[in-house]
Structure formats: structure tokens, C-alpha cells
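According to TrEMBL, the domain 'UvrD-like helicase ATP-binding' annotation covers A:6-283. Look at TrEMBL and you will find A:ALA27, A:GLY28, A:ALA29, A:GLY30, A:SER31, A:GLY32, A:LYS33, A:THR34 tagged as ATP binding site. Taken from TrEMBL, the feature domain 'UvrD-like helicase C-terminal' applies to A:284-589.
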Amino acid sequence: MQNLLHNLNPEQLAAVTLPSQHAMILAGAGSGKTRVLTTRIAWLIQTGQVSPAGILAVTFTNKAAKEMTSRLGAMLPINTRGMWIGTFHGLCNRFLRAHYRDAALPQSFQILDSGDQLSMIKRMLKALNVDDEKYPPRNLMYFINNAKEQGLRAQDVEAYDDYNRKFVELYDIYDQQCQREGVVDFAELLLRTYELLSRSQPLREHYQARFRHILVDEFQDTNDLQYKWLKLLAGQSNAVFAVGDDDQSIYAFRGANVGNMAAFEREFRVQNLIKLEQNYRSHGHILDAANTLIAHNTRRLGKNLRTDAGHGEPVRIFESSSDLQEAQWLIEEVKSLLNEGWMRSEIAVLYRSNAQSRVIEHALFTAGIPYRVYGGQRFFERAEIKHAIAYLQLMDNPHNDSAFLRVVNFPARGIGARSIEQLQDAARQHGMSLYAAVPHVSGKAGSSLGGFVRLVERMRFENQTMPLQEVVKAMLDASGLIAHYQTEKEGADRIENLEQLVSAAMLFVSEEGFGIDAPAFAGPKAQAVAGPALVDGEEVEVIDADAPLPTVMSPLSAFLSHASLEAGDNQAQAGQDALQLMTVHSAKGLEFDAVFITGLEEGLFPHENSTQEEGGLEEERRLMYVAITRARKRLYMSFSQTRMLHGQSRYNMRSRFFDELPDASLKWLSPRVQQHSWFAQRKTAWDDVPEAGVNAIAQSFTRKDAGWRIGESVAHAKFGEGVIVSIEGSGTNCRAHINFGKHGMKLLDLNIAKLERVAKA
DNA sequence: AAGGCCAGAGTTTTT
DNA sequence: CTCTGGCCTT
């Protein structure tokens with residue numbers, strides 16, 4: 001115990017050792033949040049207040065869940081495997097597997113990822129002859145997920161007009177289709193769990209009695225349904241330990257509701273509120289910048305980070321004339337950092353939107369600096385992997401129509417669009433899955449489809465006793481996937497990925513502890529059957545509160561869940577020491593010695609779309625706050641006068657966030673020059689910029705009219721500061737489009753408008 | 001069944 | 001500009 005609590009600061013110690021009551025921990029960036037959360041769990045267990053089985057710990061990402069589990073395992077000599085530590089979705093999956101009958105799901109129900117969900121919706125719209133111009137699949141998907149995340153079924157959604165009514169109607173049909181196929185989307189995992197717990201008193205009481213301590217990470221990111229779910233599980237007597245940071249709430253656009261923090265405090269009558277404000281990550285100037293910036297937000301719960309680390313270096317700011325030059329400057333700075341011995345992997349380049357990485361990547365590539373971009377395609381989302389998974393899905397649940405359609409003719413086996421149409425008609429007519437409808441198709445189409453069914457049947461039943469990785473291997477052969485990619489010229493990489501899938505299966509089996517001898521199938525009984533609705537009040541399986549849940553999943557089912565819930569790595573070239581490139585969003589939770597925040601311009605960061613939305617600007621500011629607090633020792637911020645966007649140059653003002661930072665913590669690297677002598681002074685100031693770059697810049701700025709220049713900053717009495725975007729006409733008939741940011745784009749006569757030159761920062 | 005062509009869009013993302 | 005999706009042609 002001494003060990004556990006050793007080295008905690010007073011606030012951390014207080015949080016970890018709080019009594020068994022609801023608590024809210026306001027944990028600032030870099031304040032040791034994960035440490036507090038895991039130590040709290042360890043302390044509760046070690047002091048005998050709760051058994052490992054009585055803990056429910058929820059996170060948003062698999063990464064966070066794994067981190068928590070492994071840290072806990074290092075603190076205590078316990079088996080963490082059976083513990084309920086995981087993501088909302090992962091835990092709900094576990095729950096639904098154990099109670100699939102009560103949840104009215106087939107035992108081998110499968111999980112749709114967002115791509116699967118979208119293609120399912122497209123397929124449905126087509127079958128219903130719905131105009132997908134009028135009802136775009138994406139909008140319908142958004143509508144459905146949104147409703148589910150508020151806990152609403154189709155019949156609960158209020159249709160306020162005809163257009164909306166159609167969405168509701170389609171939502172209902174979509175749910176029926178999912179039910180028929182035995183598949184659930186991400187939101188459904190949560191909603192189904194919530195509904196089952198709501199209506200089944202025995203189940204609810206069982207789990208409420210079991211989870212005495214509920215701990216939630218990143219509470220500011222919870223959506224409405226997740227909050228309701230927590231409330232339900234907490235019941236009257238369990239303690240909820242919520243850790244979050246309202247200043248780092250950056251996911252409102254996907255349904256997160258920061259308001260849940262205040263709601264939690266109020267509705268749970270939280271007596272224990274602890275702020276973790278001691279920052280162990282960043283030097284003083286960096287923290288000052290973060291604190292001063294975020295203070296511009298209203299409606300904060302209130303928090304100020306402090307450090308013992310001293311001021312450190314000021315935040316370096318650079319203004320460039322173009323995005324190309326911004327990248328060029330970045331390269332030079334990175335080079336000198338590397339010369340000083342900084343690690344490449346400890347330097348991050350952040351940007352607001354993915355499109356911005358292009359120019360930077362190009363420059364890094366040319367300079368020969370290894371880099372790694374986060375956010376690419378993930379392993380389980382690759383086409384060849386999706387195909388292989390579809391075969392596995394059919395083996396596990398042949399009524400999954402999405403899986404069926406994906407591979408029925410891949411590799412090509414002469415089953416064309418006409419055969420599929422016939423099959424779909426038959427399926428609709430008999431109200432059954434495509435797979436089940438095959439015997440109802442006659443003729444040539446029927447026999448080729450029959451061949452496919454026999455193939456799947458063979459794969460399903462021949463290998464029942466094989467370990468999972470053998471099943472995967474056999475499937476790759478029998479399906480003809482390997483053979484197909486062998487004939488393709490670019491197929492080598494894909495085959496390599498398919499082989500990696502076998503390794504992934506092997507790794508999964510060893511990590512999840514499925515015995516090597518365990519059959520990959522639970523047997524024919526495990527066939528998908530759209531079960532009857534739950535009989536209310538049905539006796540609940542008795543589960544020993546201390547025993548891990550019975551493994552009701554076959555290894556194959558479990559592996560498929562794993563593939564959907566954990567799409568895998570989404571970073572390229574992992575492993576080697578490389579510069580880290582990512583959006584600010586994906587940087588959340590990470591930290592680096594040196595950080596570059598690039599593209600700090602009005603319209604980009606804050607993003608123009610966000611400035612329209614209610615509360616959008618505050619979210620952008622929080623995003624900026626997240627970006628700043630990623631840096632340990634050195635922080636750079638850069639912005640550019642021009643930037644190529646959608647194929648044309650845009651002239652932006654520097655981000656308003658610069659005006660919200662403390663001058664004392666800033667160091668401007670670029671000279672504060674007078675605009676009229678712009679080129680001459682720039683040239684001398686940027687001697688280290690390659691000649692070609694300077695020439696390109698010069699060319700883009702040679703156009704002058706009535707003494708004004710494109711790209712120049714001006715001030716107007718009414719509209720404030722703006723940038724000249726274009727100039728038309730000349731002499732006495734000369735007008736200019738000027739971007740005044742907040743006030744929008746104005747067309748002004750340069751001979752009439754009273755404009756002043758702005759000496760740029 | 002595959003490749004070519006054109007229109008249209010173009011924040012942020014995990015599960 | 002650059003990627004995607006849908007449609008049309010071979």
C-alpha cells in the first residue's frame with residue numbers, strides 16, 4: 001500500500017483515497033490522470049474494499065483500456081484478464097454476448113463498423129427504391145446514429161415534417177434489416193445493452209450489485225446514451241468516479257456532451273470534487289500560453305495548470321508568406337533540433353485538417369527526414385482484409401447479407417448482377433437472408449449460387465476442430481483469395497496483409513486465452529437464428545459475482561468482434577524513429593518534447609465552419625489548448641499569408657488565437673516588418689530560405705494596384721483588420737476583395753475606402 | 001469485369 | 001488540386 005501511494009501529490013493522493021462515493025476529478029492535461037485512475041482501482045482492491053470483479057472501468061479507446069489494464073497488472077499481483085475494464089462498446093459487446101437471448105440477438109451476432117453500416121444503408125435504399133439524392137445514405141446514417149445515441153428508437157423519434165418522417169421510417173426498416181441479418185452497429189451495442197438493463201430488473205440488479213465501483217475516463221467525451229447507461233448501472237448505491245477535463249472536450253461534433261460533467265455533479269450530488277492542476281509535462285511558458293488562451297472561454301468548470309519546471313523557453317512564432325515556405329522553415333527548424341540531438345519521434349507536427357499534411361510531407365520527403373503520418377487506413381479496413389473477414393463472418397453467421405454480398409463473387413465465380421438480383425428478390429419474397437434464399441433461385445444462377453453456399457458450408461463444418469489461425473489459413477486457401485491476389489500485379493502487399501491476418505489470429509488466441517484446443521466454432525447450435533423477443537421476467541443465468549463471465553463466444557466470434565471493435569493500427573511505418581505528423585485531434589492524450597502547431601490562420605484554425613456553429617469557436621479554442629499542452633519543452637506556432645486550398649490560393653489573416661496568448665511567453669521568429677517594403681526586408685530576413693523559394697514568393701506578390709498589393713494586411717474603421725484577396729481594375733477605377741474574417745469578404749473601392757496599412761506583427 | 005471519364009466535394013474521429 | 005463515386009464503354 002505504501003508503494004501504491006508513494007510519490008502521489010496531495011491532490012492525487014486525495015483523489016485516489018476518496019471514500020466510496022461519487023467523485024468528479026477535474027484532471028488537467030499532463031496532471032497524471034491515468035495514474036490516478038489506475039492507482040484508485042489498485043487501492044480499492046488492495047484495501048479490500050472491492051474485489052477485482054466489482055470494478056467497472058470505462059474508457060473510449062482500446063488503447064486507453066489496454067494502458068489501464070497493463071498498469072494495473074503491474075501494480076497488483078492479480079489477474080486482470082477477467083476484469084471489466086474496456087471501452088463502452090467492448091463492454092457492451094461482452095454483456096450482450098452473455099445475455100444474447102434476453103437481448104433478442106442470435107448467439108453469433110456480428111458487429112457492423114461504420115463502413116459496413118453505410119453499405120448496408122445504401123443496399124437498403126436501393127432495395128426500397130428510395131431516391132438516394134433526396135435521402136443521402138450518409139445523412140440517414142447520421143440520423144440513425146444520432147437517434148440511437150440519444151436512446152431513441154424509430155417510434156420514439158418525433159417526425160416534425162414529411163421529409164423527417166421518411167428518415168424515421170427508414171430508421172425503422174434499417175433496424176428490422178439488422179435484426180434479420182443478426183448484425184448490430186456500434187450505437188446499437190450501447191442502446192441494446194441500455195434497453196435490456198432498463199427492462200430486466202433481475203439483470204439490472206445483478207450488475208448493480210456487482211459493480212460497486214464504476215470509473216470513467218475522459219468523462220467530457222461521453223454522449224447522452226453513455227451517460228444514461230452509467231446512471232443506470234450506478235443505481236442507488238454504487239460509486240461513480242468520473243475523471244475528465246472540460247477544457248479538452250473536442251468531440252462535440254460526434255455527439256460528446258460536455259454538459260454531462262455538470263449534469264453528473266448535479267444529479268449524482270457529487271460531494272467530492274478534486275482538481276488536478278499540477279502539470280508534470282510542460283515548461284512554464286508553454287503552460288502560461290495554454291492557461292491564458294483557455295481563459296477566453298466562458299462556461300468553464302475552472303482550472304489553472306501550474307508547474308514546478310520553471311519558465312523554460314518562450315513559444316516560438318513564425319509567419320511565412322506561403323504554405324510552401326512554412327514547410328521549408330519547418331524543415332530547417334527540425335534539422336537544427338535534430339542536430340542538437342532531439343529525437344525525431346519526440347518531435348510532432350500538428351495541423352487542424354489532414355489536407356495540410358501534404359505540403360509538409362513533401363518537404364520532409366525531399367529533405368530526407370523520416371516521418372510518420374497518423375490517421376491513415378487501418379489494418380482491418382483494408383479491402384483484402386475486409387474480404388477475408390467477410391468469409392469468416394459467413395462461416396460464423398451465414399445470414400450476414402453484407403458479408404455475403406461482399407464475397408459471393410469475389411474472387412469472381414461467375415455470379416453477376418442478374419443472379420444477385422434474382423436472389424435478392426427471392427430473399428425479399430420469403431423474408432429470409434440471401435444465404436437462406438439460395439435454394440429458392442432456380443436455373444443457372446441457382447446452381448452457381450449453390451456452389452458458393454457449398455463452399456461456405458464446407459469451410460464452416462470441415463474445420464470445426466481447428467485452432468483459429470488454422471481456420472483463417474484454410475479459409476484464405478479455400479476461398480481462393482490467395483490465388484486471386486497471386487495473379488494480380490499489385491497483389492504481393494495484399495497477400496502479405498492476409499498473412500498478417502493469420503498472425504493476428506494467432507496473437508489474438510494467445511492474448512485472449514482461448515485454449516489452442518478449443519474448437520473455433522461453438523458447433524451447429526451456434527448458427528444465427530433471429531431469436532424470439534425477450535420474455536420478460538425470464539430467469540437470469542446466475543453468475544457468481546467473482547467469477548469471470550462464462551466464455552460464450554467461440555474464438556471465431558470473439559476474433560470477429562475484435563476486428564470490428566479494434567480496427568487496428570492506423571499509423572504507417574511504425575517502429576522506426578520518425579517525426580510524428582498528425583491532426584490536433586489525434587494528438588490528444590499524447591506528448592512530445594517539441595511540437596509544431598502549423599497553419600494557424602483564420603478559417604483554418606479556428607476552422608471557418610466552426611465559427612458559424614453555436615459554441616464552435618470555444619471548441620476550436622479547446623482544440624488549440626489541447627495542441628499547446630502536448631509540448632514538453634519546446635513549442636512552435638506558425639501561420640502563412642497564403643495557402644493553397646482546393647486548388648486556389650487563399651489569403652488568410654493570422655489566427656485570432658495569437659491575440660489570446662501572453663506576450664511575455666512569446667518569441668516572434670519572423671521580423672515584424674513594414675508592409676510597403678515587404679519584399680526587400682523579407683529577403684534580408686530570410687537569407688536561409690532557398691533562393692527558389694524566395695523567388696516563388698516574390699512572384700506571387702508582384703501585383704500592385706493603386707499602391708495596394710494582394711496579400712497585404714489592411715485595417716478598416718468598421719470592419720477591422722483584413723487581407724486583400726484580389727484587386728480588379730486600376731488607377732481611379734480600382735476595387736479589391738478584402739477578407740475581413742469575422743465580417744466576411746467585402747468588395748471595396750480602393751480610392752474611396754479609408755484603408756490603413758497594418759504593420760504585421 | 002475492368003478501366004476511363006466526368007461531376008462534385010473538400011473539418012475534426014472512435015467504436 | 002486531388003480524391004471519390006457513379007456511370008459508361010470496351
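Glycine residues also receive a Cβ, built from the backbone N, Cα and C atoms like all the rest.
Taking Cβ-Cβ distances under 8 Å and a sequence gap of 6 or more within the same chain, the neighbours of A:GLY28 (ATP binding site) are A:ASP245, A:ASP247, A:LYS275, A:LEU276, A:GLU277, A:ASN279, A:LYS303, A:LEU305. Other residues of the same chain near the ATP site, with their Cβ within 8 Å of the Cβ centroid of A:ALA27, A:GLY28, A:ALA29, A:GLY30, A:SER31, A:GLY32, A:LYS33, A:THR34, are A:VAL36, A:ASP245, A:LEU276, A:ASN279, A:TYR280. Cβ crowding, taken as the number of other Cβ atoms within 10 Å, peaks at A:ALA27 among the binding-site residues A:ALA27, A:ALA29. Sequence-distant neighbours of A:THR34 (ATP binding site) (same chain, 6+ residues apart, CB-CB distance under 8 A): A:ALA64, A:GLU67, A:MET68, A:ARG71, A:ASP217. The average pLDDT for the domain 'UvrD-like helicase ATP-binding' (A:6-283) in the predicted structure is 95.
Around A:GLY30 (ATP binding site), the same-chain residues six or more apart in sequence whose CB sits under 8 Å from its CB are A:ASN279, A:TYR280, A:ARG281, A:SER282, A:LEU305, A:GLU591, A:THR629, listed in sequence order.
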